[in-house]
Amino acid sequence: MKPHTVSLVLSNLASLAAATCKCTPGHACWPSLEEWSRFNSSIGGQLIQSSPVAEACYSGPKDNAACQNIEKSWTDDVFQVSQPIGYAWPLNLSCPLPTPGLDTKCSIGNSPVYVVNVTCEEDITRGIKFAQEKNLRLVVKSTGHDSQQRSTGYGSLSIWLHNFRKGFRFQGHNPVLATCPKSGWKGSTLTINGGYSWRDIYPAAQKQGLIVIGGLDRGPCSTGGWTQGGGHSPGTHYFGIGADQVLSARVVLASGKIVVASPCENEDLFFAIRGGGGGTFGVVTEITVKTYPTKALSTINLIVGSKGDETVPKFLDAVATIYSLLPGLSKKGFAGYGNWVVRALSPITAKNYTNLYGQSWTLLGATQQEAENLFQPFKEEIVKHQSENGLEVTVSSGTFRDYFSYYYSMGNGTDSAVGGVSALASRLLDTEALQGNRKDLRKFLDSITQGSAVYHTLIHHGLEAAADVKADPTSAVLPGWYKSILLDEFEIPMNTTDVDAYAGSFEYLRNELVPLYESLSPDTGTYMNEADWGNMNWKKDFFGSHWDRLLKVKTRYDPEGFFYCPKCVGSDDWVENKGGSLCRA
């Protein structure tokens, strides 16, 4: 082959690579400093060159005073959210806090290289245009509360919505009805324009005497991935999943066009952004959601505890009974959150339990006496497990004047610690799984407690048995939510964000525990926002029967697949090279 022919072939190959892979630092196609500067000027100086959150703690840029503040604030949710590349639950963190005795290093890793600090919709459209012109990977981040790592991306440009705040307003009517009679909702509403966390919304809602369906954790963004991915809350049993509250939305598309999505405009997009996942179909800048008059509520609180391995069989007998009672409790109107563990890594509570089940149920609109009376038959079944050899059962009750008084009593008036991660998976369990065969359920509990200590978080939403809440056909919420009683999240704690160091824990979850859960409840799936990032059946488990329809919406509104995130609709058109660029599959 002649030299000029070889050069031509190599040139064509380089062009082909540029066309099929996103540009990353070090490649000839990466924008020059001058180009970045011009882009920064076009968005009013809102471009941030990223630096790792803990960078000040490392030699070179080390700043002892700044480092002390970072160390003190590291697990503070508000602190991490306020950082352009701060994340609540980071995996493979490339710049952890230095640990004495360990050779920790600091780099930007898979975090975005530049960040658009969005303050208006025009910043978003200009960021999209620049990323498309320069063939850059774009990621969308509101608060970074994401176990799936969807708001990170090697060599990317980030659209950061934390400081985009144009206000929120409560209304005694549904403004969507003025242009869209099909909206249907005739109650009060809340319009949120910007990247407000639920912590911003809840105090105002309480003052208005209203219930807003938002996260149990008040840290996530109200217009972001929590809502777009589904969203469970203390009010889910009574009012439905978070995504189903949305009446309309403003969305910035990959084309740069800003559209309204409602039952009357862009109906297919309206369907997709309500449960089809965030960061996928466009950038949502505003939503209008349903609100509800607040009510008094009562609670039933349960603790079952024991010490030592010898009590584990009787403890699991009690857990099996509680699980089997959940569908019946749902029919009576009870719902709530719980936790349990067998052989805890360290003793729990002042009684030093090693095996503990704790649950708090709510009954909206009921007095304390009414709640106690309705719970009595269930209490009698649970108390039967109390024994002289150390299995203790405690049941108490309470009452609250309104929804948010209860919410704040749960400790949610303060922000939960962030920064730590775990090997996590989850499954929605239906009535058949919980009540179909008691012996099979008990064997299942034995099987999932044979290995390392696994900590369970229970979201007893009870939608399968909810009398007044049904699946919305105009919503992409996973159908399994409305065909199940319980979301069981199971996790193994990690002392580092290094996934490779805990490869055995992830293998145990994926190869041992997850198949057992799938066998118990095969057709329900799980909640995409609180699931294993390595789930191999993610299309079925995260989207269920909606997958094909969502893929059509993706193709219509983002035909080039510009918006990419892992395990999202359309993501299998791309491949993430380890430590490198994003390329066409």
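Using the three backbone atoms N, Cα and C, a Cβ is placed for every residue, glycine included.
The annotation signal peptide is assigned in Swiss-Prot to 1-19 on the grounds of sequence analysis.
Annotation source Swiss-Prot lists N-linked glycosylation site at N40 (among others), citing sequence analysis. Sequence-distant neighbours of N40 (N-linked glycosylation site) (same chain, six or more apart, CB under 8 Å from its CB) are Q46, L47, listed in sequence order.
Reduced to three states, the DSSP call for N92 (N-linked glycosylation site) is coil. Per Swiss-Prot, the feature N-linked glycosylation site maps to N92 (among others).
Sequence annotations record features per position, and here Swiss-Prot assigns domain 'FAD-binding PCMH-type' to 108-294.
N117 (N-linked glycosylation site) falls within a strand when secondary structure is assigned with DSSP. Long-range Cβ neighbours of N117 (N-linked glycosylation site) (same chain, at least 6 residues apart, Cβ-Cβ under 8 Å): Q46, L47, I48, P84, D123, W160, N163. Positions annotated as N-linked glycosylation site by Swiss-Prot: N117 (among others).
If you look up Swiss-Prot, you'll see H145 marked as pros-8alpha-FAD histidine, on the strength of similarity to another entry. Taking Cβ-Cβ distances under 8 Å and a sequence gap of 6 or more within the same chain, the neighbours of H145 (pros-8alpha-FAD histidine) are A88, W89, D217, G219, P220, C221, G225, W226, V418. In three-state terms derived from DSSP, H145 (pros-8alpha-FAD histidine) belongs to neither a helical nor a strand segment and is classed as coil.
Taken from Swiss-Prot, the feature N-linked glycosylation site applies to N352 (among others), supported by sequence analysis. Long-range Cβ contacts of N352 (N-linked glycosylation site) within its own chain (separation 6+, distance under 8 Å): K307.
For N412 (among others), the entry in Swiss-Prot reads N-linked glycosylation site.
According to Swiss-Prot, the feature N-linked glycosylation site maps to N495 (among others), an assignment based on sequence analysis. In the three-state DSSP scheme, N495 (N-linked glycosylation site) is classed as coil.
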When you tally the Cβ atoms that lie within 10 Å of each candidate's Cβ, which of the glycosylation sites (N92, N495) has the highest tally?
N92
Just to verify a number: CA distance, N92 (N-linked glycosylation site) to N495 (N-linked glycosylation site), in angstrom, no decimals.
12
Calculate the per-residue pLDDT averaged over the domain 'FAD-binding PCMH-type' (108-294) and state the result as an integer.
97
